[in-house]
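The next block holds one structure in the form of structure tokens; read it before the comments.
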Amino acid sequence: MSDEVVLLDTWASMYGMRARIALAEKGVRYEYKEENLMNRSPLLLQMNPIHKKIPVLIHNGKPICESAIIVQYIDEVWNDKSPLMPSDPYKRSQARFWVDYIDKKIYDTWKKMWLSKGEEHEEGKKELISIFKQLEETLTDKPFYGDDTFGFVDLCLITFSSWFYTYETYGNFKMEEECPKLMAWVKRCMERETVSNTLPDAKKVYGLIVELQKTLESK
């Protein structure tokens, strides 16, 4: 019996993009279901009753939640090609550390910058840039975070690049000027079809955020 794979997601989610890239890397066929986060589907609430968030991967009727966990699950289940996690236990631990850092830092700091003004906005902007500078420093002179190969950290970070234009526009800074090595890494990642075919247009993401802000301000 063939695997039944369903992904509950929304197009602009950098977390959902992770699952899509991982599935593409493994060549897994799946059904994509776009969720409206203002009106969550009964299936999403059933499959992720704790957090009620996307993405959710449903594999043969069983839900897997949280994007970093989903990517690791995909790597373990479809392990016959394109390994994403390092084989060395120490390198695996380091990869998990940096993905945890990414997940605890970037989105919350961006939100702080986005939803504030004046001094707090500037503080959020400086903090966001410092996070990317730290990630750039961690990359060192390697082509990828997985050394010579595209791996777990690369996959989990590259999805944020589709939001860089939004960060830059709201923060009035340029990633190319602040983090040139990181942007060179983005270009390398975008050479992979699994990445370039998954990431949405950056200006489309920005348009969504502008509309979302208008909605929030009207309430």
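Cβ coordinates come from backbone N, Cα and C, glycine included.
Because the structure is a prediction, the values reported are computed rather than measured.
Annotated domain 'GST N-terminal' per Swiss-Prot: 3-82, in sequence order.
If you look up Swiss-Prot, you'll see Ser13, Ile54, Glu66, Ser67 marked as glutathione binding site. Classification of Ser67 (glutathione binding site) by DSSP places it within a helix.
Here Swiss-Prot flags 88-216 as domain 'GST C-terminal'.
Within the same chain, the residues at least 6 positions away from Ser13 (glutathione binding site) whose Cβ sits under 8 Å from its Cβ are Ile54, Pro55, listed in sequence order. In the domain 'GST C-terminal' (88-216), helix, strand and coil residues by DSSP number 102 helix, 4 strand, 23 coil.
Summarising the environment of Ile54 (glutathione binding site), the number of other Cβ atoms within 10 Å of its Cβ, over all protein chains shown, is 24. Spanning the listed glutathione site, residues Ser13, Ile54, Glu66, Ser67 have a farthest Cα to Cα distance of 12 Å.
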